[in-house]
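Presented below is the structure to which this report refers.
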Protein chains: 2
Amino acid sequence: MNIGILGAGQLGQMLALAGYPLGNRFTFLDTTGGHSAAIGEIISDPQNRRLGDFLERVDVVTYEFEHLPVALIREIEAHRPVYPSSRAIAVCQNRVEEKALFDRLSIPTPEYRVVESAAALEEAARALGCPAVAKSTTEGYDGKGQAVLKTPDDAPRAWDEIGHSQLIVEAFVDFVREVSIIAVRGRDGEVRFYPMAENRHADGILRYSVAPLPDLDDSVQTTADGYIRALLDELDYVGVLALELFQTRDGRLLANEMAPRVHNSGHWTMDGAVTSQFENHLRAVQGLPLGDTRARFPTCMANVIGREPDSGEVLRQADVHLHRYGKAERPGRKLGHVNLVAQDHAELARRLDALASLLPDAPAPRFSFVT
Amino acid sequence: MNIGILGAGQLGQMLALAGYPLGNRFTFLDTTGGHSAAIGEIISDPQNRRLGDFLERVDVVTYEFEHLPVALIREIEAHRPVYPSSRAIAVCQNRVEEKALFDRLSIPTPEYRVVESAAALEEAARALGCPAVAKSTTEGYDGKGQAVLKTPDDAPRAWDEIGHSQLIVEAFVDFVREVSIIAVRGRDGEVRFYPMAENRHADGILRYSVAPLPDLDDSVQTTADGYIRALLDELDYVGVLALELFQTRDGRLLANEMAPRVHNSGHWTMDGAVTSQFENHLRAVQGLPLGDTRARFPTCMANVIGREPDSGEVLRQADVHLHRYGKAERPGRKLGHVNLVAQDHAELARRLDALASLLPDAPAPRFSFVT
């Protein structure tokens, strides 16, 4: 089966690497002109003139990037099956619709307001209490389009800084940790859940994800499974969905945002789970049975950001698995990731310290389960 | 680093799949015109006119197929590093030189004679005792270029059938099982050994490999490690080397043949070992530290020969990992393989029976450790 992928970055490349062994071939439609994927045919189409060429090569279409025009997805849907659907992408690319869906499905979120002026932003910050976080309702990712208000007086500055006509303002959550749940739903409605990961960000960019978590109560996983299943079923979703959450001091989960695709916080599955998120996404979109989502070993994913480490030094570490994306160095850019696999979490924490010291500008890894 | 691969079949493709995450890019030189690899640039060169194009694209050269003209390898060596070297390939593509090397390094082999006529073949069969196996000294693989002599009188028929001017005749070995040892040697001389696999053939083609083996005495692994280390060091070898052996009833090992490349009996490492043979070969040829060769779990590799199974039915099995090669169906052709991973050997044997029933024309799996 020839699979079309909208976008041609590292997620597309990792999908292709997982798909060749399944017998798939890949065609990428790159509407941005900034592709880095090197496997499969890339149709570079910044002028939107080559959709026909793309469609005639592919049997089914998926994407690695959700900030695509919904009209484009709808046009493709008229000719080829697209998974996840245009409805899923429409919800995920607008924080107002996303929050409304969370509300409708009784998935708790931080308290929030939608505002459309600097004055309204100031009023919302006063009502919610500060610190508060303002986010553009569209086009935000990796911490872009966001600002923290320490006091309501920061509103004019934040409004100008973000520069969007509509923002969501959220009450600051005093969370213990950021976590995520990744699940996959097949064409037949079957759902499988990966063990939750704990995620550590720096400067708004994911740095580390660890899964499974030794100190996660089963009931928390079950709660998260229930939330993501509600989303998957409501959207009649096919493929991998990621849901980022805050875990509060009293153990509750508050949904932050979701991504309708394979997700950075699921890269640990490439070496730590029976079936990777990439393979499971591909199995789902082509109607194949889903693979086992069980974790084999405690695994930590460490992102390589901005500058490359010495590959030799990294590969000299025990049970590390390097995943480079073939991109040029640039501050803040995701260039690759390293998966570290260990027999237990104590060993994982110890070896992670050694690994982190080899990654340029990597913050010290700190996880809630390390005492 | 851009890696050049001579040959463009499934082994080259699996090398590329392992190499993209290391940051490598691949260029294949296909001198046969029968490529199936779909990843990376393929230079189709049946007329031997495009070697310059190939060389200017690559930093280092390796191969997935040893039946290449040694003169070609030597020519490439004048311009780029080639691993394993032309010396290794020269020895491996000639059974007479290979046996002589085994003899020189005191690696036991079945008793053999070199013959250059039907009459000499008959005489050798009489001296060695029948059944005996005659093999062309060059160009044999997957059981091609071989014949079994049940009596010395079969000599004229066998001679005509094989149709080579020089044969090796070997005494039939009353072996308990066929096994193989795969090892990798780095540019710095470091050597790592994979756990030995038991291999089951049908019609001269490998059908199943299992590793590690529950009933293999440590001393047998140590003996095999010693044999392959002697070969690696003697040839100043860089990369993965495979050595096929017979294990006799009294536990001795007799070397059958070696292959200077990643090997079908090492495909289990893709899902069953910490580092796959493909990644380790690439680490070796580019001077990176070698990865851990430890097995994580009992794993069985089952080849898909001639006809494709129903992918959905295969993927519905627990902990199976499908590796399709993207080749058209043809009797006797290797189309892919399936790795089956289990917690223990009893479970492996049980689930292997279920898997085998889904693979067209697969013989019933029988292993010496299953009682």
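First residue shown is number 1, and so on along the chain.
Cβ from N, Cα, C; glycine included.
Residues annotated as ATP binding site in TrEMBL: A:Arg95, A:Lys135, A:140-146, A:170-173, A:Glu178, A:His201, A:256-257. In the three-state DSSP assignment, the secondary structure recorded for A:Arg95 (ATP binding site) is helix.
Sequence annotations record features per position, and here TrEMBL assigns domain 'ATP-grasp' to A:99-286.
Mean pLDDT across the domain 'ATP-grasp' (A:99-286) comes to 94 in this model. Compared over the binding-site residues A:Arg95, A:Lys144, the count of CB atoms lying within 10 A of a residue's CB peaks at A:Arg95.
With a 10 A radius on its CB, A:Glu170 (ATP binding site) counts 22 other CB atoms from all the protein chains.
Look at A:Glu170 (ATP binding site): DSSP puts it in a strand.
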